[in-house]
Amino acid sequence: MREIVHIQAGQCGNQIGAKFWEVISDEHGIDPSGTYSGDSDLQLERVDVFYNEATGGRYVPRAILMDLEPGTMDSVRAGPFGQLFRPDNFVFGQTGAGNNWAKGHYTEGAELIDAVLDVLRKEAEGCDCLQGFQITHSLGGGTGSGMGTLLISKIREEYPDRIMETFSVFPSPKVSDTVVEPYNATLSVHQLVENADEVQVIDNEALYDICFRTLKLTTPTYGDLNHLVSAAMSGVTCSLRFPGQLNSDLRKLAVNLIPFPRLHFFMYGFAPLTSRGSQQYRALTVPELTQQMFDAKNMMCTSDPRHGRYLTACAMFRGRMSTKEVDEQMLNVQNKNSSYFVEWIPHNTKSSVCDIPPLGLKMAVTFVGNSTAIQEMFKRVSDQFTAMFRRKAFLHWYTGEGMDEMEFTEAESNMNDLVSEYQQYQDATAEEEGEFEEEEGDVEA
């Protein structure tokens with residue numbers, strides 16, 4: 001019941017995805033060959049959210065791996081859990097998108113997309129009651145951003161009533177891999193605003209900061225970063241997979257976190273994060289977890305929640321704890337920091353409690369927040385976009401694939417609208433309700 005089909009697109013998506021399956025397989029006691037070697041019935045009770053049981057008791061992930069070049073796929077296949085995936089579910093081209101959004105969305109990607117959709121339909125048909133899709137991709141490259149958003153819009157057409165959740169790695173302010181990142185990211189956001197239900201915003205710089213500051217790693221690798229992301233990803237779906245006192249799922253998350261349809265970009269965090277050396281010096285209590293998860297240093301994207309206000313927030317606790325204590329703590333945070341929560345949504349935090357903690361921890365919490373501070377992220381990308389677009393730099397790579405300059409202008413204005421919408425709700429107070437409703441009508445139109 002309540003299955004989720006997982007899709008990983010492009011190099012970044014496949015690397016995060018591979019790490020995610022390692023984490024999930026560990027939680028469910030499934031070894032790299034797909035056989036169950038755990039010790040608790042709870043691990044198998046709802047293993048079918050992410051796994052399909054094949055013949056001979058083998059568990060196969062409901063995962064689709066796609067890329068426009070074979071390189072990353074080969075390394076996933078050669079990786080520790082590479083033999084877990086169904087061989088037919090590797091869909092790849094040979095050319096590569098060359099960091100070009102237009103190639104991923106219009107030319108190369110469009111040729112490969114039907115093959116991906118066929119595999120997707122097979123997976124969806126194998127589901128009892130499909131809850132939705134989760135996609136891991138980056139917005140800076142060509143495949144994850146261009147082809148990823150193409151796939152999202154195709155899935156939207158075919159499964160309009162299913163939840164579409166993406167884990168999107170945004171270009172980071174100081175760490176840039178490619179020159180045309182701002183173009184690719186802006187064009188992608190333009191699509192995500194319209195077609196995705198929830199977008200979890202991640203960026204490498206924030207992850208590096210967490211690794212340096214909190215985990216005290218001297219030379220963090222992408223593996224470490226991806227591990228952070230997958231810990232939080234596993235937390236988002238834990239109540240679907242394990243019994244709990246207070247459940248949440250992707251749809252409940254969406255309903256509780258999205259006050260206006262366009263504002264569905266969430267920042268998220270995970271606690272407890274401690275360096276390996278200092279683990280034994282910390283007591284894990286609900287107050288301590290709550291304290292850390294609301295900490296700005298804990299967010300997986302470079303926007304400071306203290307610069308904006310939370311429209312809504314959601315905390316997914318895992319482990320043995322009293323729900324009373326959880327509720328008290330959440331209320332406590334809201335009362336003490338009331339200026340950081342908008343006043344026109346009275347009880348704007350949701351919490352859920354799941355009994356089974358992640359491996360190696362007694363308690364943990366995943367935090368998802370819808371904060372107006374995320375506009376910093378969009379502003380930053382938008383400024384870089386404008387700087388290049390004003391000079392029409394690198395534009396011929398996109399127009400050469402059949403794109404029109406108009407599309408860039410549209411994407412840019414959509415991004416700027418998004419920023420001003422966040423700003424508008426950040427400044428809104430409970431009193432101006434009357435004039436506000438008229439404005440709201442305009443936004444929708």
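Just so you know, glycine gets a Cβ as well, placed from its N, Cα and C.
Keep in mind the model is a prediction, meaning the values are calculated, not measured.
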### Message
Quick check on the annotation: Swiss-Prot has Q11, S138, G142, T143, G144, N204, N226 binding GTP, so which of E69, E288, E325, E328 does it put in that site too?
### Response
E69
### Query
Swiss-Prot lists region 'Disordered' for one of the ranges 26-45, 426-445; which is that range?
426-445
#### Entry: Spatial neighbours of S138 (GTP binding site) that are distant in sequence (at least 6 apart) but have CB under 8 A
G10, Q11, C12, G13, G144, S145, S168, V169, F170
#### Entry: Conformational class of S138 (GTP binding site) under the three-state DSSP mapping
strand
### Query
Name the residues of the same chain, 6+ apart in sequence, whose Cβ is under 8 Å from the Cβ of T143 (GTP binding site)?
A9, G10, Q11, M66, D67, L68, E69, G96, A97, G104, G109, H137
### Task
Name the secondary structure element type, per DSSP in three states, that contains E69 (GTP binding site).
coil
